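Colleague: Structure below; questions to follow.
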Amino acid sequence: MPAIHLRLGAFSAALALLALTASPSAAQKKYDTGASDTEIKIGNIMPYSGPASAYGVIGKTEDAFFRMINAEGGINGRKINFISYDDAYTPPKTVEQARKLVESDEVLLIFNSLGTPPNSAIQKYMNQKKVPQLFVATGATKWNDPKDFPWTMGWQPNYQSETQIYAKYILKNLPNAKIAVLYQNDDYGKDYLKGLKDGLGKQAASMIVAEDAYEVTEPTIDSHIVRLKASGADVFVNITTPKFAAQAIKKNAELGWKPLHFLNNVSASIGSVMKPAGFENAQGIISSQYLKDPTDPQWKNDPGMVALNQFLDKYYPDADRADASVMYAYTVAQGLVHVLKACGDDLTRANVMKQAASIHDLTLGGLLPGIKVNTSPTDFAPLSQLQLVRFKGQTWERFGDILSSDVGG
Amino acid sequence: MSAAEEIVTEAPAVEAVPKRAMTLGYGTSLIVLAALIVIPLFVKNFIIFQMTMLLIYALAVMALNILTGGSGQFSLGQSAFYAVGAYTSAILMEHAGMNYALTLPIAGIVCFAFGFLFGQPALRLSGVYLALATFALATAMPQLLKLGYFEEWTGGVQGLVVTKPDAPFGLPLSQDMWLYYFTLVISIAIYVASVNLLRSRSGRAFMAIRDNEIAASAMGVDVALYKTLAFGVSAGITGVAGGLGAIAVQFVAPDGYTIQLAISLFLGMVVGGVGWLPGSIVGSAFIIFVPNIAESFSKGLSGAVFGVLLFLVIFLVPHGARQIAIIAQQTMAKFKKN
């Protein structure tokens, strides 16, 4: 019996194919591997296990988001088949998974693969194969390089541009500042540090009086804070991930050290940093943002936030709403949907890159008012605007203009 | 009582394996070899890449097997040797423009020296203390690679991109297929050399040390020399594997060579059967494919599923692939008698 079914299936498939090629409308439809009349295959690589597994939430949120898109009828009638693999944040495994996605699962593109080392490992391969490596989930500066890597595109504002903005602010408002920097000893921390030094320019050597790095494996960074305080600095640039950021804010208060505190946006979450550190200790901290913070009460009735909550309630009810990764994934998934919609019936890899490189003033529900997605054939950094914010009471207060700073790779 | 059961009840740290039991018979070897040569002709490039990685990890697992199964010393630091080999190859290829094939012996020699030197202080340690000392080496390595002093060569946290070689002499092979056969030839050469090493005078000395150090030295074996030599050989082979790995993956970065890799290799050795060299390829297959299988069960719980699978293997066949091979052999023998 199964054999007959199989035959029948094959026969009807052949018939359908015949009908397709015969109909005139089919002539305008163009597909590369991974796309068809009914389906678009999207690949994704995430660290679901290993040291960076906290970011696995991004993959889960995206999966939930595409389930919602499919339930609502898909994109131009095509369902998204989201295939996400685990690479445990190890580059050799990333290469294996990327090759599996491209050569075995035959996806149209790889979307939002996470981490600087994993993405570096597959960048050359993806460009050789001419498969889009779209909206990579890393803030490194090198993804904006359309000339050498026309098939790779970043997404979020890169780390260097953020600290350059702080540097500009310091130079303008506190020209005699003595700066102490604490950073995480990896690519993320060093990229931030480079941005700060580049932004300060010639004055970097004289203005930065203390520089201290910590390892992500350290249980606490208290001793680093004590050392930085001893340097007598009056500006503190805090380049740390959430757990350490909260420790730093708390320790500052304990020691009675009250410099002007710049906190990188990686840790600008109210729910996971400011609240545990104590609101009274966090007053006056300056940071920058491009996404709305779901734990910030000022967005409670915001339409974008309401939409996010409706989506989470229905498709990902156990999501931790205080986790900034959820908002991040929601926004970047919307970005992909925008690109695929713009592709229309021409779902070739070349057209995907073409549409991704011609986004003009796109606004998304999760972005702060005034921040827009913009790309061009020479600008592969979709988000490059940030808004300075200052912590007041229990929420971030935006101040100044929207600042932009594009740094090429 | 079968041989396997006997071993289970005794359960010493590293049990004695007679040297003949360390290898496969000719017939089986030829079948495995034929499969390794023929299969790539019929599969996709992606599968060929996976098979290349299978051989590379098998080499690294075998290197550990020579150290632990051969000379009875533990190491959780193989990832450090693997990293040194990978970086040696990558740096020579990208900065000195050297041919990829020439970088491998250099990687091997550098790692041999490194392992030999590390073996000197390690001499004073044994058992769990040695394991801990090598563990320290493995945790230190990724950070050493990130150090600012070497950044000009290592690329620091960003790593180095390596160019994949084309097939030489205009052979009509894809890059993946060429690299696979290249790796296969090297793996076979190293495998044959290792088997011969363990059968030689040095190999007997390794095993004598493993079985009883005092007795070995009483018989005139230079314990210090052979212990460090075992470390050197093991590190050297691991270094060649690392170099091949760098070429196959086309990228080296500190995050690729964490303690996780060392534990994977250790795992591969145990699953393949401690002291049974052919088991290395089974162990390698375990560390490459089982995480993928675990992931297909559940994304969020892939680690837990992997743990359960590993637990089952250790519980049901504590001597890994070797035990299965022995059981298979016994069943075959029974059939023959009937």
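Yeah, the Cβs are placed from backbone N, Cα and C, and that goes for glycine too.
Residues annotated as transmembrane segment in TrEMBL: B:24-43, B:55-76, B:96-118, B:125-145, B:178-198, B:229-253, B:259-289, B:301-321.
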Colleague: With pairs 6 or more apart in sequence, are the transmembrane segment (B:229-253) and the transmembrane segment (B:259-289) linked by at least 3 Cβ pairs under 8 Å?
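Modeller: Between the transmembrane segment (B:229-253) and the transmembrane segment (B:259-289), contact is absent.
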Colleague: So if I exclude everything within five residues of the ends of the transmembrane segment (B:301-321), which remaining residues of that chain have a CB under 8 angstroms from its CBs? That is, six or more out.
Modeller: 4, 7-8, 11, 267, 270-274, 276, 278-279, 282-283, 286, 290-291, 293-295
Colleague: Relative to the transmembrane segment (B:125-145), which of B:24-43, B:55-76, B:178-198, B:259-289 accounts for the most Cβ pairs at distances under 8 Å?
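Modeller: Comparing B:24-43, B:55-76, B:178-198, B:259-289: B:55-76 has the most Cβ pairs near the transmembrane segment (B:125-145).
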Colleague: By Cβ distance under 8 Å, which residues at least 6 away from the ends of the transmembrane segment (B:24-43) in the same chain are close to it?
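Modeller: Counting only partners 6 or more residues beyond its ends, the transmembrane segment (B:24-43) has Cβ contacts under 8 Å with 51, 55, 177, 180-181, 184, 188, 278, 281.
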